[in-house]
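Pulled from TrEMBL, these are the features on record:
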- ASP267: active site (ACT_SITE)
- GLU285: active site (ACT_SITE)
- GLU286: active site (ACT_SITE)
- ASN270, GLN284, TYR325: substrate binding site (BINDING)
- 415-429: compositional bias 'Polar residues' (COMPBIAS)
- 85-218: domain 'PARG helical' (DOMAIN)
- 236-506: domain 'PARG catalytic Macro' (DOMAIN)
- 412-435: region 'Disordered' (REGION)
Amino acid sequence: MESREDLNSILPYLPLVMRSSTMFWPSQVVEALKAMARGPLHSHVDSGELLFLAISDLRHSLSLSNHHFAPSFPQGYALFFDELMSREESKKWFEEVVPALADLLLRFPSLLQTHYQTADIAHINGVNTGLRLLRSQEPGIVFLSQELIGALLGCSLFCLFPVTNRGVEHLPTINFDQLFASLYDNYNGKQENKIRCIIHYFERIFSHMPIGFVSFERKVLPLEHLPQCISYPKAEFWSNSVIPLCCFEVQNSGLIEDQSSEALEVDFANKFIGGGALHRGCVQEEIRFMINPELIAGMLFLPSMADNEAIEIIGAERFSSYTGYASSFHFTGDYVDKKDVDCFGRRKTRIIAIDALCSPRMRQYKQECLLREINKAFCGFFAPSKYQQYKRLFPENGCSRAQLDQNIEDPIGRSRSNLLSHDNASTSDETTEEKSVNQVISNYEEKGCESLGHEDNNIGIVTGNWGCGAFGGDPELKTIIQWLAASQALRPFISYYTFGLDELQNLDQVTRWILSQKWTVGDLWNMLVEYSYQKYKGQTDVGFFTWLLPSLFGHDTEMLDLPNMP
C-alpha cells in the first residue's frame, strides 16, 4: 500500500494513520467512536454541545488541535441540534444516527483499504479509479462506493480532515465547521435548511445504506497537441466549423434537476467545485450539493479548475426535496431518486461542473473571453470516449464539409448520431446489488460497457443561465455560447431552462428562426464575434437577439411567421 501513488497523493489530506501497509485510526479515536456507537447511555453524547466536545476530543487525538476551525462552530452545533431541531428529531439523531455514524467511521479504514484493493481490478483500459488528488491538468477519474462516500462525509461532519495544506493544492473547503458557524454568526433560514438537507442525508443512509457508486472525473482540453486527445480549440476552429446546430428546446418553467430525459446536467460551478456550499452560498451549485450531498465528496480531492478543465460527476443520488432559491431556499422533506442505474452501479444522473468568468462586465465581449467561455463549455460537453469520431471530424484547424457524414445536413440534429460509430454497447437498466467494485466490474465484462465514461449517443445537454446572475454574464451571450458548444460536441439537443429571465422571453422565437436558416456552428459563432466586437467598441448598445433580429423585436409580423420545429 505504501508504494501506491494514488494513496500517497491523498493520504496527507485524510485523518487516518498508515503503518505496515495498513490504514487505521489512533487507539484513542477507536475507543471514543466505539463509545459513541453504543449510544448516548455510554458516550453521554446527547446534545449539540456534548457532540462538539466529543468531536474536539477526536480532533485532539488526531493532532488536529492546531488545525483551526471556525470560531463559532461549537455555538452553531448547539444552536442547530439543541434549539432548531425538535425534541423528537434530536432524540432520533443522538440515539440512532450518531451511533450508526460512529460505527461507519470505525469501518472507514477497512472500507478505504478494500477500495484500493479492488480499484486495481477496475483498471479498465488502463484507467486508474482509486481515490487520489485529481490535480489540475491531469485528466482522470475516481470511482467511490456510496458507503465510502458516507464515511467521508461523516469525517466532514465531525471536522476530522486535516486542512493546513489544502490551500497549497488549491482544494476547496471540506469540513462542515463553516457551515454550522455561519448559522450562529448570522442566522438565516436558508442556512438552517441547507443543514437540514445534510442531516436528512445521514438519516436516510443509516436507515438503508445505498449500495451504488459515484464517479468523479476531471476533463481536460490540453493546451498543446497530444495523441488521443482533443486539444484546446483556437478561434479558427470555431469560425471554420460546418457542424449544424443541434435541436434547441426552451423550458420556461421547471428545474434542471427535475428533468426526466437522460442528459448531462450543467452545474453553474465555481472554479472551486461546490462553491459556497459549505459556507453561506445558496444558489444553483450550492443547492445541488445540498440535495445531492454525495457531490460534496469531490471537494476532498478535486483542486480548482483551470480555464481548460471541467468536472463530470455520474451517479450522485438525490435525497432531499426543496422549494425556493437563495434566501428563500427551504428543505421540504424526503426525495426518492428513481433514476435508472448503469452497469457500474451509478445512477444515470450526469452532472457537469463548468465555471464561467466572474464579473466579466465589458471584457466578456472580447474575443479571448468568448473563446474561453465556449471552450470551457465544450470541455464539459464533449465525450472523451468518442475520441476517434472527434478525430475524424475535428482536425486541428476546424471541420471541413468534405469530412462530414452526408446525414449531418439536418439542422435539427435528428440524424447527428449517424456521425458516431455504432460500436457503443447498450447500458444496463438493472440495478446492481453487489457491494464491491470487483462485482461491478464483473457486470462491466458481462454487459460490455465501453468505458467508465460510457455514454449513449442520445444524451443531450440540460442547462440554463450559466454564468449569469451572481456571476454577471450576459444571458443572451451565454445562451448562444452553450448552444454552439453543445452542437460542436455532437450532442443531439440542448434543453434550456430560462428560470423566467426577462432577457430570454423571446428565446424560443430566436432559436427557431436561427434553425430555420440552417446555419452551422461557424456561421453563428462568426455572428456572435461580430456582435461582440461592436458591443465592446460601443458601436451598439442592444442585446445580441435584437442586433441579430431587429425586425423580430420590432414586432414585424412577417418575422414572427416562423416554422414549427419538432
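Positions of Cβ are set from backbone N, Cα and C atoms, glycine also.
Just so it is clear, the model here is predicted, and its values are computed rather than measured.
In the structure shown, across all protein chains, ASP267 is the one of the active-site residues ASP267, GLU285, GLU286 with the greatest number of other Cβ atoms within 10 Å. Maximum intra-site Cα distance, substrate binding residues ASN270, GLN284, TYR325: 17 Å. Across the domain 'PARG helical' (85-218), DSSP classifies residues as 76 helix, 14 strand, 44 coil. Over the domain 'PARG helical' (85-218), the average per-residue pLDDT in this prediction is 95. There are 24 other CB atoms within 10 A of the CB of GLN284 (substrate binding site), with all protein chains counted. With respect to their backbone Cα atoms, ASP267 (active site) and TYR325 (substrate binding site) stand 15 Å from each other. Listed in sequence order, CYS282, VAL283, ILE287 are the same-chain residues at least 6 apart in sequence whose CB falls under 8 Å from the CB of TYR325 (substrate binding site). When the Cα atoms are compared, ASN270 (substrate binding site) and GLU285 (active site) turn out to be 8 Å apart.
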